[in-house]
Amino acid sequence: RLSVETLCEVEALRCKMMYTVLLLLGLTCVALASEPVCGPLQRLKVKQQWAHAYGTDAFHREELSRAVWKYIFEHHPAAHDFFDRVRGDNVYSPEFSAHMVRVSGGLDMSISLLTDGPTLDAQLKHLQDQHKERGIGAEYFDAMKTALHEVLPDFIGHSHHFDQDAWDACFDVIANGIKA
């Protein structure tokens, strides 16, 4: 038979262990909650905001694309080196205009596929092969992400409130799939 003192000590130890487990569980929840996630709701929000920003007419899409590329070239001048073939020295040239619309089209397709994992993976693998062949470094994906942060709020409009956390997490899904 155990004494009352021993039973009290065992119960106190059990309470301390339970408290420690609950504390660790709580800290884990806080850590997970603070990390932006590209879950189903975020994917839908990014798709909706992109559809609004990207628009439906060629002029609007070209305007968005040009704003993104102007930001990238202004903050990362070395990026021009990748675009000699398409006249990256002049964002208004027909060659570069066609190129930037192709890039935006690839981003549009990738965003549209955020809710279709297997097809998105196939698309990102295709884009990965293209970017690897051209030697596009990881820093340029970060430059694109930053450019989107700066440009998209103006194209999304005040009624749609740019969700940077959703964009960060979901753009990372796309960029990491291409960089891998």
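Start at 1 and count along the chain as shown; that gives each residue its number.
Just so you know, glycine gets a Cβ as well, placed from its N, Cα and C.
Note: TrEMBL annotation is automatic and uncurated.
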Disulfide partner of C170 per TrEMBL: which of C29, C38?
C38
Work out how many Å separate H131 (heme b binding site) and C170 (disulfide bond) at their Cα atoms, rounded off.
19
Neighbour count check, CB within 10 A, over disulfide-bonded residues C38, C170; minimum at C38
